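What follows is a single structure, written as structure tokens, with notes after it.
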Amino acid sequence: MAKEKEHMNLAFIGHVDHGKSTLVGHLLLQAGAIAEQQLAEGEDKFRFVMDRLSEERERGVTIDLAHAKFETDKYEFTIVDCPGHRDFVKNMITGASQADAAVLVVAVDDGVMPQTKEHVFLSRTLGINQLIVAINKMDLVNYDEEKFNALKDEVAALIKTVGYKPSDVEFIPLSAFEGDNITSKSENTPWYKGKTLVEALDDLEAPEKPVDLPLRIPIQDVYSITGVGTVPVGRVETGVLKKGENVIFEPAGVSGEVKSIEMHHEMIEQAEPGDNIGFNVRGVGKNDIRRGDVAGHLDNPPKVAKEFTAQIVVLQHPGVITVGYTPVFHCHTAQVACTFLELVQKMNPATGQVEEENPDFLKTGNAAVVKVKPTKPLVIEKIKDIPHMGRFAIRDMGQTVAAGMCIDLVPAK
């Protein structure tokens, strides 16, 4: 049997009209993931792919990529939702679709837009460390090298402000609509000596499994299975779980020995990051643990925060955020209301520069450092210790109002 290709999650980011859907459609088409006859005739033929599952068809704004998959020589890619989709941020943060890399799409005729900056900042905040820049719609400027270079310099300066190294990033002139430089080199850009998009995707580095970090398994569900007992189910985020080890669930505070681990209905001796498992722990009953608890080893238990300091970006809030605001924080599988205790600093979201100390309020578009207090026990970790356990989305009124990461915490015990 051929060795399975390594898997990568890929996000497409950038301003809403810059051609992300068309690019993804063309990529899937050229990579053979979609049959030609599925495409409708006419101007937006590629977008069809993206539109199939979108209720936003009427508005002419799509974005539900529905986890489309395609393969390159080296990887199997899953395209995770693009920003613009309402649950994008929540999905990325809660781990359903943490992206390993992103393609930033910027239209050459339009240049860097505010949304371009926001998405770049957000990608960095969400821990996407690898970036490819697709300078799209080159057909609209007659494949002009000078226009490409001018925009390349502008985007390079932008991504540098948030900590990407432009020298490590491929900048590719392409046309999503015409298909230039997606899977094969285009004759329209003889001046371009770099990689095609697919070559750049193949040159991404595979994400390393975080096996050396402390064990963390956020619990998704708890089942009672006849003859086995209580079986918590969850995905191993970090570390390794072995049969016979002692684990503790926090904030529940119960612990016991792991009697069995199963994945895909087969018993396994150990589980690694990315594995979705069910496991049975001696002495832990169904009513002792619940969704949102996190399993770890007894000698390095998950941290329960009495309060924590976070860096957040306010994405969409109809009013202002002040001290005392108590929305729901979605962190791994937990959902806990948390109260804003202090607004420490307001920052420029495109540069991270501090604009104001102790602001009175925050509004849409602001980035900030804040102190918050969970209204009931919550496991969260510092982003620098265990990045997978340090991100969260803030939801209120049925929408994601902000996203952020924990930069410091006061333990509850």
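Using N, Cα and C of the backbone, Cβ positions are placed for all residues, glycine too.
Source: prediction; values computed, not measured.
Of all ranges given (14-21, 286-293), Swiss-Prot attaches the label region 'G1' to 14-21. Your range for region 'G3', going by Swiss-Prot and the list 73-76, 81-84, 181-184, 205-208, is 81-84.
A simple way to gauge crowding: the CB of Lys20 (GTP binding site) has 30 other CB atoms within 10 angstroms, across all the protein chains here.
Secondary structure at Gly14 (GTP binding site), taken from DSSP and collapsed to helix, strand or coil, is strand. The binding-site residues in question are Gly14, Asp17, Ser21, Met138, and the one with the fewest Cβ neighbours inside 10 Å is Asp17.
The DSSP secondary structure for Met138 (GTP binding site) is helix.
Between the C-alpha atoms of Ser21 (Mg(2+) binding site) and Met138 (GTP binding site), the distance comes to 16 Å.
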